[in-house]
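Chemist: A single structure is presented below for examination.
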Amino acid sequence: MQGGNLTIWSFFFLEGFSRYPTLEIVLFVFSLVMYLITLLGNSSLILVIILDSRLQASMYLFLGNLSLVDICYTSASVPTLLVNLLSSQKTITFSGCAVQMYLSLSMGSTECVLLAVMAYDRYVAICNPLRYPILLNRQVCVHMATASWVAGCLSALLETSFALRVPLCGNLIDHFTCEILAMLQLACTDSLLMDVIMLVVSVLLLPIPMLLICISYVFILSTTLRISSAEGGNKAFSACGAHLTVVILYYGAALSMYLKPPSLSSQEVDKIISLLYGVLTPMLNPIIYSLRNKEVKDAMKKVLGQIPLYQAHERL
C-alpha cells in the first residue's frame, strides 16, 4: 500500500535459508527436535518447581520465570521457522511480523534482566546468608521477577513501535524471522532516532546487566575463597556454576549480535548465531540447571516417580 512517500507493506518475504535448499531439511529436523526438547524440559522444570515444596526458595522462583521466558521466546519464532523451512512461499503478514518482533525482543530483554536478578540472588545467598531470608523474602522476589518482565516488555514496545514506523523500500527480510536488525536493513533512509533508541536499549539490557553479574561474581568468588571448608566451597561453586554457564551462553550470543561493529556484520553468520541463540540456549537451560543442582534432580526423580510409566521403567 502507498501512502504519500511512505510504503506500508501488508506482508513480508522471509529469506531464511532458502539459498541452501538441501540444508533446510537438516535445519527443520534440528529445530524441531530442539524445540520439542525446549518445551518438554522447561515445562517439566516449571511443573517440578510448582509441585515440590522443597523448591520454594527465591532461586527457584527466578528459575521458573526463566523457563517460562524460554518457552515464550522459542514459541515466538520457531513455529514460523519450521513452517517456512518446508514451504516455498516463506511469507508473514505485517501484523504477524510485528507480534513476532515484539515477543522476541520482550522475552530476550526480560531474560537479560532476569539473569542479573539471579546473580544478585546468588550474591546474597553466599555473601550474606544470614540476611538472605530478609533481603530476598517471597514478596521482594515476586516484585523483582515482575520488574524483569515489565522492563523487558516496555523496552521491546519502544523498539518495536519505532521500528514499524520506519519507511521500508522492500519487503524481503534476509532472515528466518522478523528480527529487528534485519528488518531495519530495508529502511529507505537512515533514522538517527531509531539508531539512538537501539543503542540505548542495547547498552541498558546487555553491558549493564552483565557488569552487575560480573560484580556479583567477584564478591561471590572472594567469599568462596575465604570458606575454609572444602565442602562449603564446593557447594557454593555448584550453586553458581549453572547460572554462570547460562550467562556465558546467553550473553555471548547476544553481544555478538547486537553490539558488534557494522564492519564485522555478516547476515549469514547472524542467522546461524540467531538460530543457536533462539533454539539451542533455551533447550540447554533446564538441562544445565538440572544436572548441576542436586535439589532439582531429587525433585525431578520424586515427581517422575509418581508417574506409572516411569515406575514401570525403574522396576525393569
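Just so it is clear, glycine is given a Cβ too, placed from its N, Cα and C backbone atoms.
What TrEMBL shows for this protein is this:
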type	residues	note
TRANSMEM	25-50	transmembrane segment
DOMAIN	41-289	domain 'G-protein coupled receptors family 1 profile'
TRANSMEM	62-87	transmembrane segment
TRANSMEM	99-120	transmembrane segment
TRANSMEM	140-158	transmembrane segment
TRANSMEM	196-220	transmembrane segment
TRANSMEM	232-252	transmembrane segment
TRANSMEM	272-291	transmembrane segment
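Tell me about the setting of these features in this model.
Modeler: A Cβ distance under 8 Å defines the sequence-distant neighbours of the transmembrane segment (62-87), meaning residues of its chain 6+ beyond its ends; these are 14, 16-17, 24-25, 27-28, 31-32, 35, 38-39, 42-43, 45-46, 49-50, 96, 99-100, 103-104, 107-108, 110-111, 114-115, 117-118, 121, 141, 144-145, 148-149, 176-177, 246, 278-279, 281-282, 285-286, 289.
Sequence-distant contacts of the transmembrane segment (272-291) (same chain, at least 6 residues past either end, Cβ-Cβ under 8 Å): 27, 30-31, 34-35, 37-38, 41-42, 44-45, 63, 66-67, 70-71, 73-74, 77-78, 104, 175-177, 179, 242, 245-246, 249-250, 253-254, 256-257, 297, 300.
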Chemist: Take a look at 25-50, 140-158, 196-220 and tell me which one has the most Cβ pairs under 8 Å to the transmembrane segment (99-120).
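Modeler: By Cβ pairs under 8 Å, 140-158 leads among 25-50, 140-158, 196-220.
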